Amino acid sequence: MQSKKKGNIFIISAASGTGKTTLVSRLLKNNADLRVSISHTTRAPREGEEHGVHYHFVPKEEFESLISKKAFLEHANVFGNYYGTSIAGVESLSNEGFDVILEIDVQGAEQVRNVLPEACSIFILPPSLEILAGRLKGRGTDSADAIATRLAEARREIGEAAHFDFIVVNDDLDRAEADLLHIIKAGRLKRQAQQAFLDGLLENS
Ligand code: 5GP
């Protein structure tokens, strides 16, 4: 449902293998007033990924030109590729009244917190590091070395959870999705999010 009120910004971060993408897809499917910001990236599309749907896939030169034009709310180098959130993309969704999810890494989350302190940040944790290791191995796509590197990176990212507003443990998809939705709904009720309504109410009295 769209409204004239500006939508809120929700940052969702997690170490890879935590189920963040699955949870965000579920939220989008079940909530018509939520949108995810489609990031720009210089990484190559994976099988089944579409330009403009999963990412805006752009060459490095174009990405760097966008950086110099200050087109990004945040940008970071993740696993050797650039990723960034377009200011124009987020603004147009928020102005249409949609709550906007930024599914970004911990470096990007820190940048957004600095420029948009009102954004709500959520970190998704795996139930344990053993379970995360099992999930990464279960993908069957990485070598033992690559898995060890990803796990070390996961530990480092999880250490950053201390800077987030909320922590959701993904031990059960249904429960974690419900937890995320509670946070999003509570975000809509925050005084800052209702300030325009409050001002209007007093003006018209
Ligand atoms: P993947 O290449 O697997 O889609 O994403 C790799 C990592 O980059 C994930 O942690 C994902 O959340 C993060 N990521 C995706 N888009 C952005 C973005 O626009 N900015 C930042 N900082 N990270 C992003």
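The backbone N, Cα and C atoms fix where each Cβ goes, and this holds for glycine too.
Worth saying up front: this structure is predicted, and the values here are computed from it rather than measured.
TrEMBL has this to say about the protein:
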- A14, A15, S16, G17, T18, G19, K20, T21: ATP binding site (BINDING)
- 7-185: domain 'Guanylate kinase-like' (DOMAIN)
Other residues, Cβ within 8 Å of A14, A15, S16, G17, T18, G19, K20, T21 Cβ centroid (ATP site): I124, P126, N170
Cβ packing number for A15 (ATP binding site), 10 Å threshold: 26
K20 (ATP binding site): tally of other CB atoms within 10 A of its CB: 20
For T21 (ATP binding site), the number of other Cβ atoms found within 10 Å of its own Cβ: 14
